[in-house]
Amino acid sequence: MTLRYLTAGESHGPALVAIAEGFPAGLAVDFEAVDRDLRRRQKGYGRGGRMKIETDAAQFLAGLRGGLTTGAPIALAVWNKDHENWKDLVSPYARGGRKFTQVRPGHADLAGALKYGLDDARDVLERASARSTAVTVALGALAKALLSTLGVEVCSRVVAIGPREIRPDAPPTPAQRDAIEASDLHVDDEALAAEWRALIDAEKARGGSIGGAFDVYATGLPIGVGSHVHPDRRLDARLAGALCGVQAIRAVEIGDGTQVGRPGYEFHDAIHHDPARGFWRETNRAGGLEGGMTDGMPLRVRAYMKPIPTMLHPLATVDLATRAATQARYERSDVCAVPAAAVVGEAVVAWELANALLEKFGGDAVEDVRRAVEAYAARIR
C-alpha cells in the first residue's frame, strides 16, 4: 500500500487532526524531530502575533507503540491554544459573533462562500487558512523519518524575498544548513538576510505584505523513482501539484526550468559513468528529474509564494451581504511567511518522495523496503 492521509480542523478550532495510512511497520519516529519541524514552521522574520500564542507539538493517538510504527493507521493532533480566545465564534455547537462578509481579494473567501451557499465567509477562511499546514508539517516529519531510513535527506533554503532573488544550484552543505537553521529568514547569507529584512520592514510600515521563493532539495534518491508512463505518475507533476497545494504558492520550477531561453547544450546535463560512482552528471540543470523520474542527482524544486492577501492597508472589495463596495476586512496576519512556507514545502516534498519510493519498493516492514532499495541500487550501478 502507498501513503495516503486526510486532515481536518479549522484555524481557530480546538485542534488540527490527521489520519495517515501506509507507513511500513518498524519505522522509528523521533517525536522531538516532529516537534522540531513544527517549531521551525513557526519561525521567521515577518510573522504575526499568532506565533507568539501557539507552541505547536504533535500528539500521537494511534499507529505507534514504543516509538515504532505498527503498520496500522497513524492518528495525530496538533492542538490550537488560540482556540480559547475564539471558542464562542468557532464552536462546533453554536454560531455566534459578527459575520465575516467583507471578503478579501486573494483569499478563498468570496469563491468559497458562493460555492457553498454561505452567508458568512468565516466558514471558508477557517479551513482555508495556512494554519492547517501545522498538521501537514507533522505528517511530513513522518515521511522524512522513512526517507532518512532509506538514505534520503530533505532540506530547504529561502531564495527570494520580494524582487531580490538568488539561484544556488546545489543543496546546502552541512555548515550552510546550520546557518540556514540559525537564520530568521532561512538563508545562509546574513548580508542578504539584512536586505530582505529591510524589504519586510518597509512593507510592514505601509500596511502591506511581501512574498518570495524557496528551494527544496533531496539527496540520496536512486535513479528511476517516479515514472514516464502516465502523466499522473510523473514525479515532477506530483511534486508541482503538492507544492501548489500549499496555501499562497503560485508557481513551481523544477531545476533550471525557467531558464528555457538557453540553447540545448547549455540546458541539459551530459551523462557519464564509471564503475565506482555509477552514472553521474557534472551539472544538475534538470534538478534531479528527467522524464518524470529521478536521475540520481540531487532533487531541486523551487516554489514561489505570493504576498499574503490579508493586509493592514486593505484592497477594495464588495460586501458579501449587501453587494456594496467596501474595504476588505483585516484579520491578524503575517507580513511575510516565506521561511515558514519553506518548511511546509519540505513536508509536502518529503511526503511525495516517500510515497513514490513505497510505490516502487513496497514492503509491509521498513526493513523489507530498505533491502529492496539496496538491491535495486546495486542492480543499476
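Keep in mind that glycine also has a Cβ here, set from the backbone N, Cα and C atoms.
According to Swiss-Prot:
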| type | residues | note |
| --- | --- | --- |
| BINDING | Arg41, Arg47 | NADP(+) binding site |
| BINDING | Arg127, Ala128, Ser129, Gln247, Ala248, Gly291, Lys306, Pro307, Ile308, Pro309, Thr310, Arg332 | FMN binding site |
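DSSP gives Arg47 (NADP(+) binding site) a coil state; it is part of no helix or strand. When secondary structure is read from DSSP and collapsed to three states, Arg127 (FMN binding site) falls in the helix class.
Under DSSP, Ala248 (FMN binding site) is assigned to coil, being neither helix nor strand in the three-state scheme. Fewest Cβ neighbours within 10 Å among the binding-site residues Ala248, Ile308: this applies to Ala248. Scoring each of the binding-site residues (Arg41, Arg47, Arg127, Lys306) by how many neighbouring Cβ atoms lie within 10 Å, the top position goes to Arg41.
With respect to their backbone Cα atoms, Arg41 (NADP(+) binding site) and Ser129 (FMN binding site) stand 14 Å from each other.
Figure note: comparing Cβ neighbours within 10 Å for the binding-site residues Ser129, Thr310, the maximum is reached by Thr310.
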